[in-house]
Amino acid sequence: MIIWLSNFLEQYFPFFRLFEYLSFRAILSIITALTISLWMGPKLIAWLQNLQIGQVVRDDGPESHFSKRGTPTMGGIMILTAISVTVFLWADLTNPYVWAVMFVLLGYGAVGFVDDYRKVVRKNTDGLIARWKYFWQSSIALVVAFALYAYGKDTAATQLVVPFFKEVMPQLGLAYILLTYFVIVGTSNAVNLTDGLDGLAIMPTVFVAAGFAFIAWATGNVQFANYLHIPHIPLASELVVVCAAIVGAGFGFLWFNTYPAQVFMGDVGSLALGGALGTIAVLVRQEFLLVIMGGVFVVETLSVILQVGSYKLRGQRIFRMAPIHHHYELKGWPEPRVIVRFWIISMLLVLIALATLKVR
């Protein structure tokens, strides 16, 4: 919205030309989202406590988690509010890529909200029935997939970018829709599975969003896109502002979610953030880099798949408990050690993924 206003005012006040610069708006986006989260946090936590909207803890989980019972959840509301207000203020709202990410973010946030609400009201860990959760996740993802395919058909926006091979960029055709669906739904659920310890999911999300901010900027800049041998997609550059909003809101939420957490994001936050990251990866054509950057999310998800598969096929468990962060807790690692080590791994994976952009 501000960019529209600046276009009008810059003819009278040259200062407003600053708002045309993507880097300036990205910085303001981080500051705005961070400020909103820090301001909103205490109020939301107090409101959730008054409503007795507390975390439901599994009885078969680590004993150290029993003390978390009753800690306010649904803190993802502050994240989504901060991101939404910030994007509305600083992003170019004529850019369809911005709306695609926001549609998934808020749509998945709504699904997560219903899931959290059912968990809190019924005081169990079941939440929204699985088939309905996947139905709404799938519906939202498919709407975006079909819309993006129709908009960018047979252009760089629907090519498959393969790491390490600068000349391998095949057109996906209708397979683009299927890939987009799996990336969005898969990333959403992967982040959701990772959100099991204080601050465990939010920092990798921040790291990945920061990585995608750079990739979006490079993809939208014709010189850098050619230099890195990646598709040039002009609309992608505005996603820098969206990624910056995720970073700012994430840091603001971490202020209250760091160990010992005052609030949990709940499914309203984790499903939404995962869906947004998946959508951004699709829009900048870096689905493979998402697998690398989001390696923590991938490993958490694989640990659940392997655990369930092994138990059904062999009657034996591979890990003491899945997702894998619980395995390390049951091995005796203090929760902060698990969290910080996963953060370090996540940061390194993002740096490795960015390095692959030049290794072609």
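In case you wondered, yes, glycine gets a Cβ from its N, Cα and C as well.
Annotated transmembrane segment per Swiss-Prot: 27-47 (among others), in sequence order, evidence recorded as sequence analysis.
Swiss-Prot lists 73-93 (among others) with the feature transmembrane segment. Under 8 Å from some Cβ of the transmembrane segment (73-93) lie the Cβ atoms of residues 1-4, 25, 28-29, 32-34, 36-37, 40-41, 44-45, 48, 53-55, 99, 102, 105-106, 109, 112-113, 116-117, 119-120, 238, 241-242, 245-246, 248-250, 252-253, 256-257, 263-270, 272-273, all in the same chain and six or more residues away from its ends.
Feature annotation from Swiss-Prot assigns transmembrane segment to 94-114 (among others); the stated evidence is sequence analysis.
Marked as transmembrane segment by Swiss-Prot on the basis of sequence analysis: 132-152 (among others). Through the fold, the transmembrane segment (132-152) approaches residues 96, 100, 103-104, 107-108, 111, 115, 158, 174, 176-178, 180-181, 184-185, 188-189, 271, 275, 279, 282-283 of its own chain, all at least 6 residues removed from its boundaries and within a Cβ separation under 8 Å.
Within the chain, the transmembrane segment (168-188) has long-range Cβ neighbours (under 8 A, six or more residues past its boundaries) at 104, 108, 134, 137-138, 140-142, 144-146, 148-149, 154, 156, 158-162, 231, 270-272, 274-275, 277-279, 281-282, 287, 290, 294, 297, 301. Under the heading transmembrane segment, Swiss-Prot lists 168-188 (among others), citing sequence analysis as support.
Beyond the transmembrane segment (199-219), the same-chain residues lying 6 or more positions past its ends with a Cβ under 8 Å from any Cβ of the stretch are 22, 26, 191, 225, 228, 230-233, 236-240, 243-244, 246-247, 250-251, 253-254, 257-259, 261, 265, 270, 273-274, 277, 280-281, 283-286, 289-290, 293-294, 296-297, 325, 338-339, 342-343, 346-347, 350, 353-354, 357. Annotated transmembrane segment per Swiss-Prot: 199-219 (among others), in sequence order.
Summarising the annotation, Swiss-Prot assigns transmembrane segment to 236-256 (among others) and lists sequence analysis as the type of evidence.
Outside the transmembrane segment (263-283), and at least 6 residues removed from its termini, the chain residues within Cβ reach (under 8 Å) are 41, 44-45, 48, 55, 68, 71-77, 79-80, 97, 100-101, 104-109, 111-113, 115-116, 127, 137, 140-141, 144, 148, 157, 179-180, 183-192, 194-195, 201-202, 205, 208-209, 212, 216, 233, 235-236, 239, 242-243, 246, 250, 253, 256-257, 289-290, 294, 297. According to Swiss-Prot, the transmembrane segment annotation covers 263-283 (among others), on the basis of sequence analysis.
According to Swiss-Prot, the feature transmembrane segment maps to 288-308 (among others), an assignment based on sequence analysis. Same-chain neighbours of the transmembrane segment (288-308): 161-163, 183, 186-187, 189-191, 193-194, 204, 207-208, 211-212, 215, 274, 277-278, 281, 317-319, 322-325, 327, 342, 345-346, 349-350, 352-353, 356-357, counting only residues six or more beyond its ends whose CB sits under 8 Å from a CB of the stretch.
What Swiss-Prot records for 338-358 (among others) is transmembrane segment.
Counting only same-chain residues 6+ beyond the ends of the transmembrane segment (236-256), those with a CB under 8 A from a CB of the stretch are 22, 25-27, 29-38, 41-42, 45, 75-76, 78-79, 82-83, 86-87, 90-92, 95, 97-98, 101-102, 199, 202-203, 205-206, 209-210, 212-213, 216-217, 219-221, 262-263, 265, 269, 273, 276-277, 280, 283-284.
With a threshold of 8 Å between CB atoms, the same-chain residues lying at least 6 positions outside the transmembrane segment (27-47) that come near it are 72, 75, 77-79, 81-83, 85-87, 89-91, 241, 244-249, 251-253, 255-256, 262-263.
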